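Sequence annotations record features per position, and here Swiss-Prot assigns active site, nucleophile to Ser181. Look at Swiss-Prot and you will find Ala65, Gly66, Leu67, Asp68, Lys69, Thr89, Asn145, Asn178, Lys223, Thr251, Gly274, Gly303, Tyr324, Ser325 tagged as FMN binding site. Here Swiss-Prot flags Lys69, Asn114, Arg115, Met116, Gly117, Phe118, Asn178, Asn183, Asn252, Thr253 as substrate binding site.
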Amino acid sequence: MLNALYPLLRPALFSMDAEDAHHFTLNNLMRAKRMGLAGCIGNSIADDPRTVMGVRFPNPVGLAAGLDKDGAYIDGLAAFGFGFIEVGTVTPRAQPGNPRPRMFRLPQADALINRMGFNNGGVDAFIRNVQASRWKAEGGVLGLNIGKNADTPIERAADDYLYCLERVYPHASYVTVNISSPNTKNLRQLQGASELDSLLSTLKAAQQRLADQHKRYVPVALKIAPDLDDDQVRNIGDALVRHKIDGVIATNTTISRDAVKGLPHAEEAGGLSGRPVFEASTRVVRALREVIGDALPIIGVGGIFSGADARAKIDAGAQLVQVYSGLIYRGPTLVRECASALRR
């Protein structure tokens, strides 16, 4: 039902502040779920399983991190038919993020700009929400995305990632290490060669220790930016292979404004997502695949607004895809459309 209604609902949602609309929609999704109206919300899960990173994904279309930062809406979002859901980014301690307003629509470009700043309730509250959801207990694939607190010096970033990794590990299907948000000061420095080498070495050792402790291996993926030149992509790819990281998510939002110059809100600080990031993110997927070969899988994300867009990510070298901004603009029908386009 929501597939048909969303085009009618969208003007009302888009008349609201973007962040207010976000929370309004998610709260009502959960309300519908609790009332037993899940069948009216969206789609059944398309059965098109893929095994990636050693995990069986019911289908290759997932939700990107950022929509549900605290893991509070997992069961409502599950009704959209995703093959996997990624929640977060979560940090060790609760933090408010950046001052509002901090999310802006650019409807002329099917785009969003956000400078949320990892607003979240902290990893302990995050885990309680994850444990309360039925999605994982019922076999759903759940990615948990971790970051660092804004007031943690970049030199101590590894401490925050380790803290979060140790706490989310028992509850995750996979863990994503987010070093590519443009909204936490200096975070993208961790994509530099020496910084990345040190971080990945530390995290890989912790992953192996946690696997022994919990008698279960949970894969770790790295989320990278689209604003990378060929040398940077090569350095990152080499580091991923060298440290035997399980996967890579390409990409996060862009700081470029080339595709939206002159549009209202185009000069707002933050990360740009939506259609304008599609080409840049797909270029990184393709370049990364050339560097890493078949050593590890890529999850392609950035500007997917159609089944053809999802197929283009796969053709560029991704094994799975994720959506976010396209879901805001197109509604849950996008999930079914992408799953159909990728069906084998």
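Yeah, the Cβs are placed from backbone N, Cα and C, and that goes for glycine too.
Locations of recorded Swiss-Prot features on the structure.
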{"residue": "Ala65", "record": "FMN binding site", "Cβ within 10 Å": "27"}
{"residue": "Leu67", "record": "FMN binding site", "Cβ within 10 Å": "19"}
{"residue": "Lys69", "record": "FMN binding site", "Cβ within 10 Å": "21"}
{"residue": "Gly117", "record": "substrate binding site", "Cβ within 10 Å": "19"}
{"residue": "Asn178", "record": "substrate binding site", "Cβ within 10 Å": "26"}
{"residue": "Ser181", "record": "active site, nucleophile", "Cβ within 10 Å": "25"}
{"residue": "Lys223", "record": "FMN binding site", "Cβ within 10 Å": "25"}
{"residue": "Asn252", "record": "substrate binding site", "Cβ within 10 Å": "29"}
{"residue": "Gly274", "record": "FMN binding site", "Cβ within 10 Å": "27"}
{"residue": "Tyr324", "record": "FMN binding site", "Cβ within 10 Å": "21"}
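Residue pair Leu67 (FMN binding site) / Arg115 (substrate binding site) shows a Cα separation of 13 Å. Local packing around the binding-site residues Arg115, Asn145 was summarised as the count of other Cβ atoms within 10 Å of each Cβ; on this measure the leading residue is Asn145. Among the recorded positions Ala65, Lys69, Asn145, Ser181, Lys223, the ones whose Cα sits within 10 Å of the Cα of Arg115 (substrate binding site) are Ser181. On the backbone, the CA of Ser181 (active site, nucleophile) and the CA of Lys223 (FMN binding site) stand 9 Å apart. Across the structure, Tyr324 (FMN binding site) and Gly117 (substrate binding site) are spaced 17 Å apart at their Cα atoms. Between the CA atoms of Gly274 (FMN binding site) and Asn252 (substrate binding site) there is a gap of 11 Å, rounded to the nearest whole number. Rounded to a whole number, the C-alpha distance linking Gly117 (substrate binding site) with Asn145 (FMN binding site) is 14 angstrom. With Ala65, Gly66, Leu67, Asp68, Lys69, Thr89, Asn145, Asn178, Lys223, Thr251, Gly274, Gly303, Tyr324, Ser325 listed as the residues that bind FMN, the site has a largest C-alpha separation of 20 Å. Taking CA atoms as the reference points, Lys69 (FMN binding site) and Asn178 (substrate binding site) are 13 Å apart.
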